[in-house]
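**Student:** Pasting a structure below so you can have a look.
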């Protein structure tokens, strides 16, 4: 008891030094190896009022994504395309670090990151969201809400978004030539076509050591962070590094290799979950 109390006190007063003692042994306070992810679980179709949804837990970090499809006129400069609009919400409920009010800097950065990955990876062809060229198209509002925050938000958000998109069913739509109004057939629904499956893998730099899937505490102590997004072909969709310490080319290559392995792990989990909910 006395030893545990002393360790807890040392962790509070000197958190970085506390971590350094574990890193010297190539492990972390929670028992994980430096390249080991926390337990990941995925549950799809959890919001019955949404057109697609998914709940993802990455350790204690919990994120839910609900997708709602609505009609809109196609963009003027792209009359044969629809829209995908992601929004990340970090309410005070998920962590004491977030405050009520308009979206903070971290939420805005996460939303922009998701939007960039959607665009760069071409995970959904926006042409597939066009119903009638120049007249009507689908808008997919992707609301991603963090229920419990313990680090590595971007990985959890991307995983939840991909799983929710795989869960989307869009009703058949025709346009009445006489009235010009859209007629929706909810009895005939088709899944969304997912062209690419981007998966994010995040790292932080603690001194000269790179660790994967950081907790909130590890993020606070880090001198730099990096998120790599790859698709199922092993191609890079995004490399996101918002400032911090420089990462050498060798370490970057190691991170890309780990990201490729992580993609296979997530895809295997996702395929298993989707297969389990499909009607036999």
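In case you wondered, yes, glycine gets a Cβ from its N, Cα and C as well.
I grabbed these lines from TrEMBL:
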- 36-171: domain 'Exoribonuclease phosphorolytic' (DOMAIN)
- 197-259: domain 'Exoribonuclease phosphorolytic' (DOMAIN)
**Student:** Going by DSSP, how much of the domain 'Exoribonuclease phosphorolytic' (36-171) is helix, how much is strand and how much is coil, in residues?
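**Tutor:** Per DSSP, the residues of the domain 'Exoribonuclease phosphorolytic' (36-171) fall into 36 helix, 50 strand, 50 coil.
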**Student:** Express the predicted model's confidence over the domain 'Exoribonuclease phosphorolytic' (197-259) as a mean pLDDT, rounded to an integer.
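**Tutor:** In the predicted model, the domain 'Exoribonuclease phosphorolytic' (197-259) has a mean pLDDT of 93.
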